[in-house]
Amino acid sequence: MSQTTGSTDRAVVRELDAAARRGYNLDGTKAARVKRRLTSRRGTAFALLIAVLWTVPTFGLFVSSFRPAELINTTGWWTAFENWGWTLDNYNEVLFSASSSAPQLGSYFVNSLAITIPVVVFATVLAAMAAYALAWIKFPFADWVFVIIFALQIVPLQMALIPLLQIFTTTLKPAQEWLHGVVPIIPDETYVQVWIAHTIFGLPLAIFLLHNFISEIPRELMEAARVDGATHGQIFLRIVVPLSVPILASFAIFQFLWVWNDLLVALVFSGGTADVAPLTQRLAELAGQRGQTWQRLTAAAFVSLVVPLIVFFSLQRYFVRGLLAGSTKG
Amino acid sequence: MTTADLLGKIFQILLGLAIFAAVIGLILFLIDRAPKRGRDWYQLVLFLAPACILLAVGLLYPAVRTAFTSFTNRAGDFIGFDNYVWMFTQPEALQTLGNTILWVVLVPTLSTAVGLAYAVFIDRSRGERIYKSLVFMPVAISFVGAGIIWKFVYEYRPAARPQIGLLNQVVVWFGGEPVLWLQEPIVNTILLIIVMIWVQTGFAVVVLSASIKGIPSEQLEAAELDGATNWQRFRNVTLPGIRGGLVVVVTTITIATLKVFDIVRVMTGGNFNTSVIANEMYTQAFRAAEPGRGAALALVLFLLVVPVVVYNIRVLRKQREIR
């Protein structure tokens, strides 16, 4: 998902906000509402059908993850009432079992966090700095630099994978081995490659979005600060960053979900060991194994889904903004 | 995972963040100490340098490099357009292209159509937010998770045993024989496409619902007073009013679909004739040790994305002029 023009994003976000403010009181009188509801009974039936169809697959997996292995593999989850039996063993096994054949998701869960959190920080900070410079420091080719960064959003990350991996192998590998030699507690496979790759792939969209927001900060505010003798560094830290918190948060949430849910970048840059690989990669591995064991796969899937779902349900408003803004990234 | 492992990981994160903070701190410090002469220029470079260096080294240069790689074989020798000839002549590769076309035709149209109908029907109804959340939820989870959820729905058991996959159970209820869905060519691609539609519809609902709420209520009321039927009102007031939203939805989903990788990887691995460009790109470049072919596929992906983006930008610009 790469690109989109910020102006639409903003237009849509504005509409969303306006709609939220108006609430659901658009439809005038109660009588009108009753009438409308009567006329669209078929519409309601359709909506209900879609809502059920969209929910059932997830629900089925969720229910199954709490059923004992022998029940999952011999009976459908929709018969859970007739074939009664519930357990937490599946979660216990995928997370904590140390046996070599177990999924051992604990490590991968930590990896997912360890990859995602720093990337969000790196991308957001670097993009905010670049966006500020492009918006508020006058220089001859400002527009050109901005256009190039905008154009980079179109480049699918598939275009960058092969050469970037080569660059990492020649430069980062020796550095990591050296670090492993000095501080043995750090494995020679580290998060650095994945961090850098994700940060780079997140930057074009981040700069673009933040630029749109930061460039609309009132000019008087900036000029007043300049007159008072503030340097660009001070203006950035004391004015721009505090004012941009909403857009920074939206971008951060979106980037968080995008990195957490990513598989391709992880496959290429993580090396696939329990030292670095995130949950998604481990899940894909488990799903691809012969004779899949659904008691593991169902629980494992929910271990990876729980974080995005918490983010989603608690921050839906910001997520919608981030999504509208970032729906096009990747 | 041992405690030592965990400590090592935490230490690594802290070290990474500390180094990053030190670099940024140093840059901001240098910006504050900028010499009076040529001050703006100096500060500009410091602000822009980290992002620009990363983009140049990590995206711009690799993209150009990939374009060149697509004209080489596995030994790195120049072979002209052979990789592209391979792509458009070998049955396997053609299957991949054909599948991608099927994806790009079906996913954006069906997600948008279902999403629009849903958004219209739930508009201003009781429980609208819950309705929206239910369909929107798949947008937040990973394609990998979605793949596993649906793999379970498509799961197969021999006819003699009780089914555990919902789809086959439905087939059995209607008196049919269970099918190994994911190994049945064409049907399997359609079933993977359904997963993508399931994920993308929520996005369409949220954007289109926001657009619908942006239509001035006077227009709808005027149409009602004029005696317009529901369908006429939808056709002549709602649809034109949400044109911008529709373009965003269709183009965004199209681009996401062109790049779809995880769903295919998790559910079939690209076997049984289900591969698509992005999956084949990964397979060729990183499994089959054919970076030239992988690069050629990446370039084709890029060329397919560009017109969609250009169209998007043109429509939006025209709309802004009208306003």
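Using N, Cα and C of the backbone, Cβ positions are placed for all residues, glycine too.
What TrEMBL says about a protein is an automatic prediction, not a curated fact.
Listed in TrEMBL:
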TRANSMEM  B:6-29  transmembrane segment
TRANSMEM  B:41-64  transmembrane segment
DOMAIN    B:97-314  domain 'ABC transmembrane type-1'
TRANSMEM  B:101-122  transmembrane segment
TRANSMEM  B:134-153  transmembrane segment
TRANSMEM  B:186-208  transmembrane segment
TRANSMEM  B:242-261  transmembrane segment
TRANSMEM  B:295-313  transmembrane segment
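Comparison of B:6-29, B:41-64, B:186-208, B:242-261 by number of C-beta pairs under 8 angstroms to the transmembrane segment (B:134-153) places B:186-208 first.
With a cut-off of 8 Å on Cβ pairs spaced 6 or more residues apart, the transmembrane segment (B:101-122) and the transmembrane segment (B:41-64) reach fewer than 3 such pairs and are scored as not touching. Per-stretch counts of Cβ pairs under 8 Å to the transmembrane segment (B:186-208) identify B:242-261 as the leading one among B:41-64, B:242-261, B:295-313.
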